[in-house]
């Protein structure tokens, strides 16, 4: 199989990378009706598999889970999750031939084996669904001509997909139809109904492409979402301890600081996050972020280039074939880091202290978000897609670090994201070593000294923050989500 993106000519590549349209609410007036009365069989019962299935069932769809015979015989976790929630469970051979829509929600590295197992069992004219397009775009999986191939990609972990649905809302979602597999022209109707069944239409849906989803998703998770948080955690912890800060305090400031800082990001973008700082601290964070962007721009560009060319996927799939040797080695190295093993700290850190003592962390978030966004735009990805794959998902990833440090983040994200995270963070840490020696008092674990504020300089900084393109598109998208949430709650 050949990388699908690399088989396209330049015009086709640019067209698919740039596919992104914010869909209006009235396009979902039919909600999930197109799939009602049809059989939906989900393969995989992990976080996305279970929680999407629960939402779809609550939306009136007929849901069953197809598992491998050994998973059923051995009553594995996937079997227990499905049966304990009252779902029909059966083997591929028993359920797949009945399915009008087969939804593949297994991990990326299992996709080829799963698709090759289910495809011969699928009836003529059925549909195959994904929530991430890696198998189609990077692996280049060929699907039978009569099968419609669609994608519904919630921009949140599976648990969040369920919780937002239970609140009467949903999570922002990308949908797409594979242009090589839509013989009956019903792909968009299927994708819209599936998205509505998960609640995504109540939070905002982008009509995208498999290519745009994969390339932007890989870029976001490797750089700002995971790689930058991991590199920042390791660097900031080691710096504080070397400067004599109590290890427990340093660890807690980082572990819970990312979540606190990015909560402001979620509510009001980079503007609100920076507004949580004093004026001298804001000016210092801005200066630090500009330095960081200059240093790291080549690394962000390299990751984007390797994603676009397919080099990243080729390298990672070679590690799959080598029993994940690199992935498992890097995971072990991360687990042995000083930050992962810092002593518990019983003292209290106030919400504002996370900002006041985490000026460098704020700068890292700002630099990483803007660099990821700008680099995606330069590669032809549309602003809305770039926003969702950089700023929007960052608070969700930061929350995993707050739970159990980097270990939890790397367990929750996909193996694909984890592999890319290590590539980025292991390059970023040495790249920023010299920069870390230039830090001043107040950049970490102390307040920035108040040495006066230049009004004109502050004015220019505020204007630069607010006029960055991610702030402009972010304000629009957050406003839409807020409006939709009000409608959902009112209903």
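Using the three backbone atoms N, Cα and C, a Cβ is placed for every residue, glycine included.
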Among 217, 238, 275 - the residue Swiss-Prot places in the same Mg(2+) 2 site as 389, 393: 217
Residue among 18, 133, 140, 158 sharing the NADP(+) site, where Swiss-Prot lists 45, 46, 47, 48, 68, 76, 78, 108, 109, 110 as binders: 158
8 Å Cβ shell about 217, 389, 393 centroid, Mg(2+) 2 site members excluded: 155, 216, 219, 220, 221, 225, 388, 390, 392
Cα-to-Cα gap, residue 109 (NADP(+) binding site) vs residue 217 (Mg(2+) 2 binding site), nearest whole Å: 16
Neighbour-count leader, CB within 10 A, binding-site residues: 45, 47: 45
Shortest C-alpha distance to residue 47 (NADP(+) binding site) - which of the recorded positions 132, 217, 389, 393: 132
Per-residue Cβ crowding (10 Å cut-off), top of binding-site residues 217, 389, 393: 389
Among 45, 68, 78, 132, 158, which are recorded as recorded positions, the nearest neighbour of residue 217 (Mg(2+) 2 binding site) by Cα: 132
Candidate with sparsest Cβ neighbourhood (10 Å radius) among 68, 109, 132, the listed recorded positions: 68
Integer Cα-Cα distance in angstrom, residue 45 (NADP(+) binding site) to residue 132 (active site): 15
